[in-house]
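Per TrEMBL, these features apply:
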type: DISULFID; residues: CYS30-CYS65; note: disulfide bond
type: DISULFID; residues: CYS40-CYS54; note: disulfide bond
Amino acid sequence: MSGNFEEKIKNYRTAPFDARFPNTNQTRNCYQNYLDYHRCKKVLSAKNQKTTPCEWYRRVYKSLCPIAWVQKWDEQRQSGTFAGRI
């Protein structure tokens, strides 16, 4: 199973359709995948497990989100002012 998942991530090119975000505007999809990535990473790291499954969320938000947004959110997370619940 793990090998199949890693193969899917390797062949990943852009964000697939997500039924939670059916509209053309993908802003919420971008933000949700950013949160999901950092939540996933936090939980799996706390359990001393590999964070490989979290890479899916990272690739999705990297393909959807403008770089400036991601940089701003990263700065906010580091300074402790990020509004999202991670």
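Numbers here mean position along the shown chain, with the first residue as 1.
In case you wondered, yes, glycine gets a Cβ from its N, Cα and C as well.
The two recorded residues, CYS40 (disulfide bond) and CYS30 (disulfide bond), show a Cα separation of 15 Å. Across the structure, CYS54 (disulfide bond) and CYS30 (disulfide bond) place their CA atoms 15 angstrom apart. Within 10 Å of the C-beta of CYS30 (disulfide bond) there are 21 other C-beta atoms, taking all protein chains into account.
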